[in-house]
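Taken from TrEMBL, the feature domain 'HpcH/HpaI aldolase/citrate lyase' covers 22-236. Residues or ranges marked as substrate binding site in TrEMBL: ARG82, GLU141. The feature Mg(2+) binding site is assigned by TrEMBL to GLU141, ASP168.
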Amino acid sequence: MIRALSTVAGSAAQKLQGRPLRSVLYTPGFGKHLAKVKTSVADCALIDLEDGVAPSSKVAARKAVAELFQAGGLSNRMLTVRVNGLDTEWGWDDLKAVAKLERVDAIALPKVESPAEVQEVAAYLEKEGASQHTTIWSLIETPKGVQNVDAIAAAHPRQSALVMGTSDLCRELHCLHTKDREPLLYSLSKCVVAARANDLLILDGVHLDLEDSTGFEQACKQGKELGMDGKTLIHPSTVAVANWFFGPSAEDVEQSYRIVEAMQEAMARGQGACLLDGKLIENLHADNALRIIALHEAIQAFEESAAASKL
């Protein structure tokens, strides 16, 4: 009955494929780190063939990642692979190696600066018969990427997310990576608007100082307030905090159910609005409540499935 209230609420969340995306943990695609993908505690493991792998190990890493997926036995967590840039000597071979791997949920493209890059990869995936559930994530980590983000976000239906690369962006902007991230607010907000305008998910950039837990929490809080769906991470110890900030609180969920129930009762009376706790409730509030409920239910199902897999 809740679903009947709105058929459009949370269209971006539908790209979660029934799984939350609060925490996305970068995992180097080589050596001892790669084996930890099978036991990752994050909502998504982002296996990295780019910055996380030295040039001398990139070919071996590509082979190791392909073998990991071909061996199977992977969890129900989202699995994404970041390939090297297509303008490098490794990029296209990376793409060829992962394009047809059935369990790859998304292919992350670094330093995207134009819609043509997304379209070229999408065309290749179609030509190679890649699974339709394998989507594209575009990393926005350069000034030109931010400048062109509206066109990038609208580039192709196979694209499902934008990912902020704040470390590279700070370097290229020549700005300071301050605790309040004020120098990045324009770029972050512009990318959130582009993502929402095109029903894409958007993930916040990493926090590099693992000793600065207060700063990490502040960045998570700010990212949530800006409208981010989740955060990219560099260490498993930060997953629980990210999940807490980017998941709905118990109070949010309870209030969302109350809003939906109140709107259903109002609609049954032929009314398009109602009062709840003295506040006006309209369809826009119901749509947001449905989005929160959908995320809550996805998290519940995901955690139950993860717990069952450990039995």
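Note that Cβ sites are derived from N, Cα and C of the backbone, with glycine treated the same way.
Unlike curated entries, TrEMBL annotations are predicted automatically.
ASP168 (Mg(2+) binding site) is 6 Å away from GLU141 (substrate binding site) when you measure Cα to Cα. Here the Cα atom of ASP168 (Mg(2+) binding site) is found 15 Å from that of ARG82 (substrate binding site). Most other Cβ atoms within 10 A: among the binding-site residues GLU141, ASP168, that distinction falls to GLU141.
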